[in-house]
Amino acid sequence: MKAVFLTLLFGLVCTAQETPAEIDPSKIPGEWRIIYAAADNKDKIVEGGPLRNYYRRIECINDCESLSITFYLKDQGTCLLLTEVAKRQEGYVYVLEFYGTNTLEVIHVSENMLVTYVENYDGERITKMTEGLAKGTSFTPEELEKYQQLNSERGVPNENIENLIKTDNCPP
C-alpha cells in the first residue's frame, strides 16, 4: 500500500512540474536590442562592467549549430562593434570565449522577446546572468514579469536587474 501511495505521489509531483517550453529556432535570428541584464555578481554588468553589452543582431549558422552575435561594448564611452560566434553544445546551449568562458543558453524566445541565461567563468569565479532582449526598445509589463520569473528560476536576483536600454547610445 505504501509503495502504491508513493508511486501515485511521485506521478502527481512529476505531472505538476512545468515542462520547459520548446525553443522555436526560427524566432532566434534577427535584430535584437538588450533591454535588461541581471547577474548574481552585479559588478560584471554595471556601466563599464566587462559583460555589459548592447546587442544588435543574432544570426543562426547551419540551422543554429552556431550563433553569430553582433553587439557593442563601450570603452570609455566609445562604442566598439564586435561579432562573436558561439558554438552549440546541446539543445540551445552555446559556448563562447569572451572575457572568460561563457555558457549561453537560449531559455525563452517569442516573436518580440528573447532571454538568455549565461554562466561566465573568468578564471576565478562563475557569474550567473540573464539577458532580456526585445525586437523594439522596451518590454511589455507581461514580458518584464516573464523575465523576472526566468531570473528567479535560474537563481539570478531580480534586485540586480540593470536597465541597459537607457544607456544604449551606440549606433543602430
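For all residues, glycine too, the Cβ spot is worked out from N, Cα and C.
Here the structure is a predicted model, which means the values were calculated and not measured.
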According to Swiss-Prot, pyrrolidone carboxylic acid sits on which of Gln17, Gln76?
Gln17
From the disulfide entries in Swiss-Prot, identify which of Cys14, Cys170 pairs with Cys79.
Cys170
Swiss-Prot annotation: Cys64 disulfide-bonded to which of Cys14, Cys60?
Cys60
Reported as an integer number of Å, what is the Cα distance between Cys170 (disulfide bond) and Cys60 (disulfide bond)?
23
Euclidean distance between Cα atoms of Cys79 (disulfide bond) and Cys64 (disulfide bond), Å:
27
I'd like the Cβ neighbour count for Cys60 (disulfide bond), meaning other Cβ atoms within 10 Å of its Cβ, all protein chains included.
16
